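Chemist: Quick one: this structure, given as structure tokens, is what I'll be asking you about.
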Amino acid sequence: MPKRDLPWRSMPGTSKTSRNANYSPRARIGPRVDKASEWVHRPMYRKPRIYRTLRTADVPRGCEGPCKVQSYEQRHDISHVGKVMCISDVTRGNGITHRVGKRFCVKSVYILGKIWMDENIKLQNHTNSVMFWLVRDRRPYGTPMDFGHVFNMFDNEPSTATVKNDLRDRYQVLHKFYGKVTGGQYASNEQAIVKRFWKVNNHVVYNHQEAGKYENHTENALLLYMACTHASNPVYATLKIRIYFYDSLMN
């Protein structure tokens, strides 16, 4: 004698529910990921206590929002003797790219661009390394000092550059990196991408002047030094440098 069909089978438009179906709101809808990715992106409550207690604040201590930004877009001709530019030049004003008063804090620096060679230079068989130094000038005065006056080098080689002993209290190297380009007819690499993002938390102080110039700094100016290793072949760098800063509460 055949068994009688269950009630839900006789009702039109209904189907038996699968036991393997997961109707939880936390169920993953997209493609499944591996356990390593789940562990890296685990929620904060599953991480150790030190991750929750030592989180850095969005706004630096002693500052107020909103986060402001200043960009420096320029093409640089980098030679063996070096070059310097100030990246903390901010004009006084009320805009999103201006400082309100004398004091502000540069929270982070973003450097984006590329290093490239000229059409005539890239055909020569050579390798050229370009080095960058992000330096804090604690007591700026006058004009920025040249690369050779700040750094001590062996045999005038920029790859061996270190801050001179009598200037170590004034100039502090925060970060350093380099990029390499290679010239030649065959295995050449005539350009290299530059992409760096650093948290510096540098508190800059200006005088009573409104113009954003190095000569108006009184404390903690940010300088970017650049130099290449090849003595005769220069290198070009097309860079976009952005600083993200907050105004100080002491203004």
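Yeah, the Cβs are placed from backbone N, Cα and C, and that goes for glycine too.
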Chemist: Given the ranges 35-49, 125-139, 170-184, which one is assigned the annotation motif 'Nuclear localization signal' in Swiss-Prot?
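Modeler: Checking Swiss-Prot against the ranges 35-49, 125-139, 170-184, the motif 'Nuclear localization signal' one is 35-49.
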Chemist: With Cβ-Cβ distances below 8 Å as the criterion, list the same-chain residues six or more beyond the ends of the zinc finger (63-80) that contact it, or say none.
Modeler: 87, 89-90, 96-99, 104-105, 107, 115, 130, 156, 158, 226-232, 234-249
Chemist: Using a Cβ cut-off of under 8 Å, list the residues of the same chain at least 6 residues beyond the motif 'Nuclear localization signal' (35-49) that approach it.
Modeler: none
